[in-house]
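**Q** Got a structure for you, written out below as C-alpha cells; questions coming shortly.
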Amino acid sequence: MNPNQKIITIGSVSLTIATVCFLMQIAILVTTVTLHFKQYECDSPANNQVMPCEPIIIERNITEIVYLTNTTIEKEICPKLVEYRNWSKPQCKITGFAPFSKDNSIRLSAGGDIWVTREPYVSCDPGKCYQFALGQGTTLDNKHSNDTIHDRIPHRTLLMNELGVPFHLGTRQVCIAWSSSSCHDGKAWLHVCVTGDDKNATASFIYDGRLVDSIGSWSQNILRTQESECVCINGTCTVVMTDGSASGRADTRILFIEEGKIVHISPLSGSAQHVEECSCYPRYPGVRCICRDNWKGSNRPVVDINVKDYSIDSRYVCSGLVGDTPRNNDRSSNSNCRNPNNERGNHGVKGWAFDDGNDVWMGRTISKDSRSGYETFKVIGGWSTPNSKSQINRQVIVDSDNRSGYSGIFSVESKSCINRCFYVELIRGREQETRVWWTSNSIVVFCGTSGTYGTGSWPDGADINLMPI
C-alpha cells in the first residue's frame, strides 16, 4: 500500500468513527430529552382543551435546567390548573367578629393626595382581598371635590386596591361607574359597571380586563346594582340589578353571567316588595342576598338565587330587631318573615345579615334615625321565627357619637370553611359637616372569629377642622 492509499484509508476510518460518534451523541440527546419531558408531562384536561401556561394562572414558576454536551434545555413545569370557585364548604362557626382592616383615608387626605370616594366594598380572589369604591374623579384637596355629595356624574370610576391601601393617585380605575359590583370566579375578575344618563344608563360587564357584554336601562329610571360583591359558583356569577322608582314599585332582575357574558335574566319573584343594594353571599349550591327595601319596609328583604335553574324566591328577615335605618325602636318594631313591615320604610341604607341555622347575624346603625354608630349581634331564631327579638353577642363597631354609612358582606374561603366578613363605610363631610364642601369616606373591616374578643370603637377619626375645605 503506497503512502497515498494509507492516508486515504486512515482518513476514511477516522471519518467513519467520527460519524458513528456523532450519531450516538444525537441518539443520547434525543433519548434524554424524551425521558425528561415525559417525566414532567402534564395531564391533559378531560375535554382535550389546550391549557396555556399564562402568567395569570401560574402558582409556582419553576424551571428545570438540564445540561447535555454543552446544550441547555429549559422546560417550565405546568402549573396547577385553576378551577372555578364552588363555595361548597360549610359556613364557619363563629362567636362574633374581630378587627381586620382600616384604611384611614380621610385622615390621610389631610396631608396627601387621596381620592374622594363613596360606596366602598371588599371582595377577594382566591389569594388576596381588595377594596373597591366609586371615585368622584378628584382627590380631596382639590377644588373639584366641591359638591361631591352627588351620586351620579360621568367622572365617577370604580377604584381597586389591595385591602388596606388607601386610594392614592396611583390607584387603578377599573371602569367608568356610579354604581358597581365585582367578584372573582376563581379564574378572573368580573366587574359590573353602571354609568350614563339617569333615564338611559348602561351596565358594562368587564371580565379579565376586557369588555365582554353590556345591557341598557330597562325602566329608564336609574339602573343600579349592589354596591358590594357579586357571587360566582362553578363559573356562573349572579348580580342583582334594579331599575325604577327608589320609593315605589321598581323592576328588579337577577342576571346570570359566565365569563362576562349574560346567559340568563330572571325577574324578581316571591314576596319582597322593593329590592336595592343587595349584600350577597354564597350559600351552596345557590346564592343568598340581604337587601334594602327603600319603599315599605325597615325589615330587610331576602333574595334566594338558584344558580342551576335560574329560579328566584324572596321574603324578609324574620328578626323583629330590624336592620334598616330609619326604623322604629326595638320594642315596637316587627317582622313576619313574609312581608314588609310598613314601618318607616322610606328611606333606607345598604346593610347585611346572614343566616346561621335558625339564627341570624346582622349589623346595623346604632341610631334608629340616622347613619350614626354601628353594632353587630346575633338574634336567636331570627332566621326562622317571626318577630324574634332575643339578642346575644352584641358588639359595638363604631360608637353612637360617630358617623357610619353603608355596610356590606364578603366571604373568605379557608381550608375547612367559609368565613363571613363585613365592612362599614365611615362617611365624612357634607351634608352633616358643613365646614367642608366635599363628601367622602374611609372604611373599617371585621371578620368572623371562633375565638374570644374585646371591645372598642373604630370611627373614621379625622378632625374635620384639620381637613381641606
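Cβ atoms are placed via backbone N, Cα and C, with glycine included.
As annotated in Swiss-Prot:
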type	residues	note
ACT_SITE	D151	active site, proton donor/acceptor
COMPBIAS	331-343	compositional bias 'Low complexity'
CARBOHYD	N61	N-linked glycosylation site
CARBOHYD	N70	N-linked glycosylation site
CARBOHYD	N86	N-linked glycosylation site
CARBOHYD	N146	N-linked glycosylation site
CARBOHYD	N200	N-linked glycosylation site
CARBOHYD	N234	N-linked glycosylation site
CARBOHYD	N402	N-linked glycosylation site
REGION	91-469	region 'Head of neuraminidase'
TOPO_DOM	1-9	topological domain 'Intravirion'
TOPO_DOM	31-469	topological domain 'Virion surface'
**Q** Which of these recorded positions is closest to N86 (N-linked glycosylation site) if you go by CA atoms: N146, D151, N200, N234, N402?
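**A** Closest by Cα: N234.
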**Q** Could you tally the C-beta atoms, other than its own, that fall within 10 angstroms of the C-beta of N234 (N-linked glycosylation site)?
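**A** The Cβ of N234 (N-linked glycosylation site) has 17 Cβ neighbours within 10 Å.
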**Q** So for N86 (N-linked glycosylation site), how many other CB atoms are inside 10 Å of its CB?
**A** 16
**Q** Between the residue listed as 'active site, proton donor/acceptor' and N234 (N-linked glycosylation site), what is the CA-CA distance rounded to a whole number of Å?
**A** 34
**Q** Which one is closest to N200 (N-linked glycosylation site) in space, judged by CA to CA distance, out of the glycosylation sites N146, N234, N402?
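**A** That would be N146, nearest by Cα distance.
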**Q** Average the per-residue pLDDT over the topological domain 'Intravirion' (1-9) and send me the rounded value.
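**A** It averages 58.
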**Q** I'd like the per-state residue tally for the compositional bias 'Low complexity' (331-343) from DSSP, helix first, then strand, then coil.
**A** 0 helix, 0 strand, 13 coil
**Q** Hey, how far is N234 (N-linked glycosylation site) from N402 (N-linked glycosylation site), Cα to Cα, in Å?
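**A** Pair distance, Cα basis, whole Å: 41 Å.
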**Q** Pick from N146, N200, N402: which of these glycosylation sites has the biggest number of other Cβ atoms within 10 Å of its Cβ?
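**A** Ranked by Cβ atoms within 10 Å, first place goes to N402.
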**Q** For N200 (N-linked glycosylation site), just give me the three-state DSSP call.
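**A** It is in a strand.
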**Q** Please give me the CB contact count at 10 A for D151 (active site, proton donor/acceptor), counting all chains in the structure.
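**A** By my count, 16.
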